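Student: Checked TrEMBL, it gives:
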DOMAIN    376-487  domain 'TMC'
TRANSMEM  56-81  transmembrane segment
TRANSMEM  156-174  transmembrane segment
TRANSMEM  253-274  transmembrane segment
TRANSMEM  295-321  transmembrane segment
TRANSMEM  385-403  transmembrane segment
TRANSMEM  445-468  transmembrane segment
TRANSMEM  489-510  transmembrane segment
TRANSMEM  557-578  transmembrane segment
Amino acid sequence: MRYLSEWDQWKRYSSKSWERFIEKAREMTTHLELWRKDIRSIEGKFGTGIQSYFSFLRFLVLLNLVIFLIIFMLVLLPVLLTRYKITNSSFVLIPSKGADIQCTVYPISSSGLIYFYSYIIDLLSGTGFLEDTCLFYGHYTIDGVKFQNFIYDLPLAYVLSTVAYLALSLLWIVKRSVEGFKSNLIRSEEHFQSYCNKIFAGWDFCITSRSVADLKHSSLRYELRADLEEERIRQKIAERTSEETIRIYSLRLFLNCIVLAVLAACFYAIYRATIFSQEHMKKEIDKMVFGENLLILYLPSIVITLANFITPIIFAKIIHYEDYSPGFEIRLTILRCVFMRLATICVLVFTLDSKITSCDNYPCELCGYNQKLYPCWETQVGQEMYKLMIFDLIIILAVTLFVDFPRKILVTYCSSWKLFQCWGQQEFAIPDNVLGIVYGQTICWIGAFFSPLLPAVATLKFIIIFYVKEISLLYTCRPSPRQFRASNSNFFFLLVLLIGLCLAIIPLTISIARIPSSKACGPFTNFNTTWEVVPKMVSTFPSSLQSLVHGITSEAFAVPFFMILCLVMFYFIALAGAHKRVVVQLREQLSLESRDKRYLIQKLTEAQRDMRNRLD
């Protein structure tokens, strides 16, 4: 420091002081982490594998909370400030511009005698008294909010909030998974190195419970057996004849056709259940009993839940006959289950979209959609997403209360019975639980546009799931002895979540850009589609800025931009390949150094032996 100038010394001192301040601030913020003590306790009792699931659940709680804050600040807050006269502002209501009077009819609720159980149905399905609340899209039939110096464009804010929470989710997921991408691109283990890592460095020192330690032993034994089984299958593949190869590939083709048939049957069942539910849900409540009404309202959710429960069992049976390695069996089964769970939501949304845009004996040209059956179709799509969210929570609570706890009691106090011994204690399967919460998060991403407060519902749901799963883990479950190998890192969880986000963007984009917006409700009654508010905003820009925006969105800019992105991607792929080769060379050098040391030690030992022989 004495050879530096006073200015350089001050800069270095300030830099170090700032680094110390940041480090202290990070230490302080760790004590403010949500569920820090609970997750540390789970890690100490059950290891890092199950702890990663609860950390992932905490991440989803924070993500949904931020999404809710974005929607609240951009959409709900200006409406609340004006409605409750907190600020000197007023609503700018939407005047009807050329829309037929028939398209603007929106009967929210029917008059007449209301039974007590109808309030329960409304609470579970989002109909009745909840339909005209700020929970759903139809409540925001406002063109803007007029403040003292400007007019707040609510339709534009509604679209921007959707784009903002999708972009934030994408960036946050990519940021958290970038380390996993790096390690998967660069790191590769040889089989001998994999054995050494499991034997010498495979123990989880966070485990303190004897029973969990025994499970960790069995897990390591399983992984070693799986590695040996993979070696056996590699050797078996190398020794296969042409006839055996043709036979096994023919069998796999046949079994994959069965898998596709099962998926098609599930999708068709969801399609038929959705159509039946939509055609009969307009029936008057007083003409049906409580159970019948609730069954019709929840029929798509029930079919989706049954499909998500039955198909993994079928896939697990089929995979045993395809003659794959144990590790690939797990990955392929999980991939099929991911596709099944997330595709069912897309099938439901696309079925609703097709029903909205098709009219049997009713002219759709008047309004652009089936106004008779769907006077406010955005709200009804939001109600379907709301029902899926609530029903998923009910199923989780019901399974925990009426399956896991009775099973624990029977296994504990009736252990002498062979039936309950074979049944065994409930296992905490990490991949299945992760798929369940990713399924709920995908519902939230799709439904947040149609039900702006759905992220708040999802936040409460995931908080309840955290405590339910924690209690279930501590008192009724045991860790699965056949653990998923990537459970110690969140890369697999984030990859599945990224797939869910991509699948959620597809139906949202189609609904916003192609389906005509409702003329009876919502902030887009004067627009043909929701996305038309963006060109309208661009038309208010200065001419030079309009030219810049049109140039950026034109093909003349898109094609070179795409080529540049491809070149950048190829550069990073080549850079990753170079890093991987460097890692391989460094490993070879370490191996050579170890051999050189062994050789030198051997020569030194021989020289010492010869010296002792000469002295003797």
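Placement of Cβ uses the backbone N, Cα and C atoms for every residue, glycine included.
Just so you know, TrEMBL annotations are computer predictions that nobody has curated.
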Student: Kindly state the mean pLDDT of the domain 'TMC' (376-487) in the predicted structure.
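Tutor: Residues in the domain 'TMC' (376-487) carry a mean pLDDT of 81 in this prediction.
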Student: Using a Cβ-Cβ cut-off of under 8 Å, list the residues of the same chain that are 6+ residues beyond the ends of the transmembrane segment (489-510) and lie near it.
Tutor: 52-53, 55-56, 162, 166, 169-170, 173-174, 176-177, 179-181, 183-184, 334, 338, 342-343, 345-346, 349-350, 353, 431, 434-435, 438-439, 441-442, 445-446, 449
Student: So what's near the transmembrane segment (156-174) in sequence-distant terms, Cβ-Cβ under 8 Å and 6+ beyond its ends?
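Tutor: For the transmembrane segment (156-174), the sequence-distant neighbours (Cβ-Cβ under 8 Å, at least 6 residues beyond its ends) are 63, 66-67, 70-71, 74-75, 78, 140, 445, 448-449, 452, 455, 494, 497-498, 501, 505, 508, 512, 523-524, 530-531, 533-534, 537.
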Student: What same-chain residues lie close to the transmembrane segment (56-81): Cβ under 8 Å, and 6 or more beyond its ends?
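Tutor: Same-chain contacts beyond the ends: 33-35, 39, 87, 89, 134, 140, 142, 145, 152, 154, 157-158, 160-161, 164-165, 168-169, 172, 176, 434, 437, 441, 444, 448, 452-453, 455-456, 458-459, 462-463, 465-466, 469, 490, 493.
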Student: Which numbers of helix, strand and coil residues does DSSP report for the domain 'TMC' (376-487)?
Tutor: 86 helix, 6 strand, 20 coil
